[in-house]
Each structure stands twice: as structure tokens, then as C-alpha cells.
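Some features that Swiss-Prot has for this protein:
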type     : residues               : note
SIGNAL   : 1-25                   : signal peptide
MOD_RES  : GLN26                  : pyrrolidone carboxylic acid
DOMAIN   : 29-112                 : domain 'Collagen-like'
MOD_RES  : PRO33                  : 4-hydroxyproline
REGION   : 35-115                 : region 'Disordered'
MOD_RES  : PRO36                  : 4-hydroxyproline
MOD_RES  : PRO39                  : 4-hydroxyproline
MOD_RES  : PRO51                  : 4-hydroxyproline
MOD_RES  : PRO54                  : 4-hydroxyproline
MOD_RES  : LYS57                  : 5-hydroxylysine
MOD_RES  : LYS60                  : 5-hydroxylysine
MOD_RES  : PRO63                  : 4-hydroxyproline
MOD_RES  : LYS75                  : 5-hydroxylysine
COMPBIAS : 78-96                  : compositional bias 'Low complexity'
MOD_RES  : PRO81                  : 4-hydroxyproline
MOD_RES  : PRO84                  : 4-hydroxyproline
MOD_RES  : LYS90                  : 5-hydroxylysine
MOD_RES  : LYS96                  : 5-hydroxylysine
MOD_RES  : PRO99                  : 4-hydroxyproline
MOD_RES  : LYS108                 : 5-hydroxylysine
DOMAIN   : 115-253                : domain 'C1q'
BINDING  : ASP199, TYR200, GLN206 : Ca(2+) binding site
Amino acid sequence: MKTQWGEVWTHLLLLLLGFLHVSWAQSSCTGPPGIPGIPGVPGVPGSDGQPGTPGIKGEKGLPGLAGDLGEFGEKGDPGIPGTPGKVGPKGPVGPKGTPGPSGPRGPKGDSGDYGATQKVAFSALRTINSPLRPNQVIRFEKVITNANENYEPRNGKFTCKVPGLYYFTYHASSRGNLCVNLVRGRDRDSMQKVVTFCDYAQNTFQVTTGGVVLKLEQEEVVHLQATDKNSLLGIEGANSIFTGFLLFPDMDA
């Protein structure tokens, strides 16, 4: 760096001497042109010039790279309905619906077999030898005959299905005082005593019997009922039996 500055000062000194020589020569006489001096040091760069006029539009560049995925736009309007698809498989069976309204009354049926429908009769034994409470239904649980199944051995009650005149009878073995009621009605609250049969004896076997004819309506119930005198037996050799049968059906029913 010092060498470069030394050369610069040398050149400046020579230029100065040349200038003085020329000035002196001109002042004395005009001589021939001197030798061109050494080029000066480059000056400081000038300020930027004014913007030039816009250039001609260049050709279209290559497509840029794909940008990032943008956010979802707003929901569009419904499209045009498509064509119907194929019929799908059959679904499972749905729940059972509510019962519909009753249909119209059907036509009158053919006449039935009078003989078959009017045969009503039953006989049943009591084989249970257990004490009875007052007002308890006396159950004759072993069926001998039960035409048309109007007698129910599980509760000892006869239910009328064919209105008409019926005959009911019982034969009861006992050892002591015995009174039984024969009752009728449609339900527990409407049961009424029709007749009471009694027999009195002490420490001896006896058989008590009784019977009655009743006009029954459909769904009326008939059964025997115990009282406070209830020495009824139901053992082998001392049976008790309850019987009933239809005498004449009610033709107007």
C-alpha cells in the first residue's frame, strides 16, 4: 500500500514540474508539445441516473410449483338429484304394530251339532283329607266324568257354558257334624248361598247327601262351600263326591 502511494506522489511531482516547465517555456517562447502525462486516478462513482423506459414484455414463464392446500370453502348449493340406485337387501322384521280396529261382523255361521254342544255333565271325587276353613271352596280334585269340560278340578268350581236347567248333588262322608253350602254367582263378590245341608253325628261314620235344580245363565258359577262344621272326609272307603249335569238347555239363549 505504501509503495502505491509513493508512486502516486511521484507522478504528481512530475506533473507539477512539467506544468512549471511549460509555464516557464510559454513565458519565454513557444516550444513543441510535451509528452502526454500519466492517466490520473479514477474518480469517485457518480450518483444513480434517471430510471430508463420500461422494457418490452418478456415471454410467459414456466408454471410455478403447487401451493399449499387452502381452507375449505362454503357449502355449495345442492346438486341435481342423481339417478335412483339399485334396490337394497331386505331389512330385518320390524316390531309388532298395535292391534288394528275390529273388522265388520261376519255372516251367521252354519247350524252346529245340537247334541254335541248340549252334553254337559261332571262327577268328581275329593281325595284330600285336610281340614277345611269356614267359607272355603270344597275342592273335588279327582275327575270321574267331565263332558264339555265345564267343571274345573283345580278350584272345585262349575262354570255354566250352556244356559238351562241343571241338577247338582253331593254325597259326603264324615265322622262328626257336617254342614255344607251350595252357592252360585258370577264372581267372588256376587256369590250367594242357595241351600245348606246339615247332618249331626258324634264319633261315627255317616253319609250326607243333598241335591237341587238350578236355572243357570251363561258364565254363572256353582260350587260347594265349607262351614264351621266341616268334618268332611276324603279317604279310601269313605269317599265324598260332587255331581252336576244339564237337564234342559235354554232354547231362547
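Numbers here mean position along the shown chain, with the first residue as 1.
Here the Cβ of each residue, glycine as well, is placed from N, Cα and C on the backbone.
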Going by DSSP, how much of the region 'Disordered' (35-115) is helix, how much is strand and how much is coil, in residues? 2 helix, 0 strand, 79 coil
Do you know offhand how many angstrom separate ASP199 (Ca(2+) binding site) and LYS108 (5-hydroxylysine) by C-alpha? 52
Relative to the Cβ of LYS75 (5-hydroxylysine), which residues of the same chain, six or more apart in sequence, are found under 8 Å away? none
Cβ contacts within 10 Å for PRO63 (4-hydroxyproline), all chains included, total 6
Spatial neighbours, same chain, of PRO51 (4-hydroxyproline) - Cβ under 8 Å, 6+ residues apart: none
For PRO99 (4-hydroxyproline) and LYS90 (5-hydroxylysine), what Cα-Cα distance in Å is obtained after rounding to a whole number? 24
Whole-number answer please: how many Å between the C-alpha atoms of PRO84 (4-hydroxyproline) and LYS90 (5-hydroxylysine)? 17
